[in-house]
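*Asks:* Straight out of Swiss-Prot:
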ACT_SITE  E183  active site, proton donor
ACT_SITE  E252  active site, nucleophile
DOMAIN    741-832  domain 'SUEL-type lectin'
SIGNAL    1-25  signal peptide
Amino acid sequence: MALKLVLMLMVALLAAVWSPPAVTASVTYDHKSVIINGQRRILISGSIHYPRSTPEMWPDLIQKAKDGGLDVIQTYVFWNGHEPSPGQYYFGGRYDLVRFLKLVKQAGLYAHLRIGPYVCAEWNFGGFPVWLKYVPGIHFRTDNGPFKAAMGKFTEKIVSMMKAEGLYETQGGPIILSQIENEYGPVEYYDGAAGKSYTNWAAKMAVGLNTGVPWVMCKQDDAPDPVINTCNGFYCDYFSPNKDNKPKMWTEAWTGWFTGFGGAVPQRPAEDMAFAVARFIQKGGSFINYYMYHGGTNFGRTAGGPFISTSYDYDAPIDEYGLLRQPKWGHLRDLHKAIKLCEPALVSGEPTITSLGQNQESYVYRSKSSCAAFLANFNSRYYATVTFNGMHYNLPPWSVSILPDCKTTVFNTARVGAQTTTMKMQYLGGFSWKAYTEDTDALNDNTFTKDGLVEQLSTTWDRSDYLWYTTYVDIAKNEEFLKTGKYPYLTVMSAGHAVHVFINGQLSGTAYGSLDNPKLTYSGSAKLWAGSNKISILSVSVGLPNVGNHFETWNTGVLGPVTLTGLNEGKRDLSLQKWTYQIGLHGETLSLHSLTGSSNVEWGEASQKQPLTWYKTFFNAPPGNEPLALDMNTMGKGQIWINGQSIGRYWPAYKASGSCGSCDYRGTYNEKKCLSNCGEASQRWYHVPRSWLIPTGNFLVVLEEWGGDPTGISMVKRSVASVCAEVEELQPTMDNWRTKAYGRPKVHLSCDPGQKMSKIKFASFGTPQGTCGSFSEGSCHAHKSYDAFEQEGLMQNCVGQEFCSVNVAPEVFGGDPCPGTMKKLAVEAICE
């Protein structure tokens with residue numbers, strides 16, 4: 001018995017020794033920063049929305065974010081993806097939130113979970129499930145019982161799931177922050193006392209879920225304690241939290257802007273993005289999140305707006321396809337390295353601020369063992385030479401220099417050391433098509449007839465983009481237009497977003513709205529004959545609105561009036577007569593986008609310019625690992641499916657309006673400043689995830705609404721075309737600071753894996769002009785500029801290599817071509 005007791009005691013002691021320690025992690029905050037496990041942190045975050053990429057892409061995206069210097073991955077939670085019908089939840093495929101967060105943890109990063117559950121995000125209906133609109137008595141985002149009950153239930157569902165999976169930092173998981181609501185401040189102002197009451201309820205509800213991590217509210221100046229109010233915008237250096245005990249946080253630093261069908265493509269210069277972030281950190285900010293770090297794709301019908309494009313690239317540091325956008329990714333990576341060198345000083349105390357000139361200033365942070373300085377020139381036109389600590393510093397316009405030891409410049413936001421990459425969409429081949437055209441005279445079994453016009457969303461519940469409105473018009477034989485040939489005019493007024501009008505089975509015309517004005521009026525000649533005439537209006541939605549007040553009041557579809565003018569009687573109002581309605585297209589009912597459903601009809605030879613036509617083909621997966629896309633430039637408007645999965649809507653016929661010109665990083669940025677694609681398709685290429693493909697026999701279906709040319713559709717692959725660098729001979733470098741040594745900066749060039757530099761298109765050490773793709777020699781040029789990259793036997797030879805480095809120094813290029821002049825090296829290499 002004694003022996004047994006001894007053995008039991010030994011087992012107990014061993015268990016105590018070898019049992020894993022209890023989780024003691026904590027996340028709090030003070031006026032300086034978020035505090036993780038007792039340590040103040042400067043946190044760099046980036047938004048990657050899990051449904052906008054495939055699970056197969058997630059590990060690489062997260063790793064590239066980590067390599068870019070990020071500490072945190074931020075994502076919204078998409079209610080309509082997770083609860084498509086009341087009480088029916090889905091967390092699989094692209095909506096596998098738990099898998100995504102575990103990959104974040106596996107990579108050694110934190111997570112910021114923005115539950116919302118309103119997300120905006122240019123996402124269909126702002127993330128709300130459409131069924132929520134039809135809950136009796138509901139009013140969205142206000143002090144309303146039915147809405148609060150549904151919102152609270154979903155929020156608790158997500159929090160409970162996160163707890164069950166051990167995903168909060170206090171459980172050993174990655175989540176260090178959560179968000180409730182989203183940009184509610186402007187709505188609260190509109191809603192008055194009910195809005196204020198709702199804000200307080202939402203905050204109290206969230207905090208009461210006891211996640212163990214702080215909650216934030218963005219664009220919510222009156223966020224109740226202990227919730228932290230945060231900033232969203234292109235710039236947030238001006239922002240201050242509403243209490244002295246809260247840190248200065250930037251939840252959405254917009255890296256670019258979204259693209260709308262019919263709009264140009266916005267781009268934000270890397271220099272300005274870096275300037276905005278450096279200014280925010282300089283002025284006491286401690287958490288910054290790039291919205292977006294990877295934008296991805298609005299697969300299926302998830303794009304909101306309306307009129308938001310299928311691409312959600314956002315000019316993010318990682319592009320829609322998962323490739324690095326250079327120099328933005330590399331320049332921000334270098335910025336993050338510089339900021340991290342300053343972290344001990346930044347979190348220790350308040351800055352000493354000194355004016356260095358009319359538009360120049362210094363912010364100095366000190367700790368017991370460190371000193372960090374930020375020197376800013378916020379003049380948007382002129383360089384400035386400033387004196388700081390007895391030394392002279394040259395500051396380009398609209399820039400910040402970072403000195404992690406208060407002496408040595410390691411980074412300037414306007415001096416880009418990272419390479420610039422130009423991309424190409426390489427043609428891989430076309431397709432052989434079969435076609436099936438919708439019979440506009442045929443109606444499905446799911447039709448109904450009603451006096452007057454119906455609202456589209458309440459009829460379709462967004463199960464389809466399409467709703468047919470069909471009526472009949474009797475024309476007497478004595479109508480004057482039958483003699484003169486001057487046909488009457490049909491006018492259709494719609495709440496949006498597009499209509500295709502068919503008269504007696506023939507397409508008569510099309511009209512559509514825009515991102516800024518989704519409502520539309522169709523007016524066109526109606527070729528009617530004596531007797532009964534069939535008028536069919538196909539109303540098309542292009543994503544549901546994602547921002548605004550009182551979602552429950554929003555309408556789509558043909559609300560009227562619908563009139564005919566030019567008859568003997570003058571005007572005839574058709575709005576109140578009998579209409580027959582059909583939800584969706586016949587091909588949707590038959591599931592023609594699926595391999596099984598496609599066998600339900602007879603397919604014929606493909607023809608061009610045929611409206612409401614389904615096209616199908618089979619193809620083999622292209623070899624290689626490069627991202628793939630479909631070039632849809634010869635088509636009009638419609639949708640695409642591969643192996644039954646929807647790539648999204650396409651609309652290359654909607655050309656981009658706007659003013660596109662040169663882009664200067666200097667000066668305040670907005671979404672209208674740096675535009676491209678004017679006069680061209682807003683979106684030409686549509687991402688085809690490789691993980692959706694099988695080696696052979698992939699099934700591709702295209703639904704064309706207007707009538708395009710399918711013979712012009714092709715598969716392309718996205719890869720690097722050329723790489724460029726432009727580095728000044730005295731450009732600051734991180735390596736020199738670390739080694740406390742003086743050395744020359746280097747140019748680093750790198751093609752994609754599997755590529756090599758085939759030739760040097762341009763090289764000049766001196767005063768070269770232009771930008772990547774259009775460099776030219778300046779008045780000063782070293783005639784041996786090319787030798788450093790091409791001459792055999794040199795250590796830094798680049799031709800034939802995947803990557804290479806070259807010192808930016810006169811001796812490398814045969815001597816100083818212009819003594820006394822500040823020089824730089826510009827180079828462009830072709831990647832094959």
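Cβ coordinates are placed from backbone N, Cα and C, and glycine is handled just like the others.
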*Asks:* I need the most crowded of these active-site residues: E183, E252. Count other C-beta atoms within 10 angstroms of each C-beta and give me the top one.
*Replies:* E252
*Asks:* Write out how many residues of the domain 'SUEL-type lectin' (741-832) are helix, how many strand and how many coil, based on DSSP.
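*Replies:* Taking each residue of the domain 'SUEL-type lectin' (741-832) in turn, the totals are 8 helix, 31 strand, 53 coil.
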*Asks:* Could you say whether, by DSSP, the residue listed as 'active site, proton donor' belongs to a helix, a strand or a coil region?
*Replies:* coil
*Asks:* Work out how many Å separate the residue listed as 'active site, nucleophile' and the residue listed as 'active site, proton donor' at their Cα atoms, rounded off.
*Replies:* 11
*Asks:* Taking only the residues in the domain 'SUEL-type lectin' (741-832), give me the average pLDDT of this model.
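*Replies:* Summing pLDDT over the domain 'SUEL-type lectin' (741-832) and dividing by its length gives 89.
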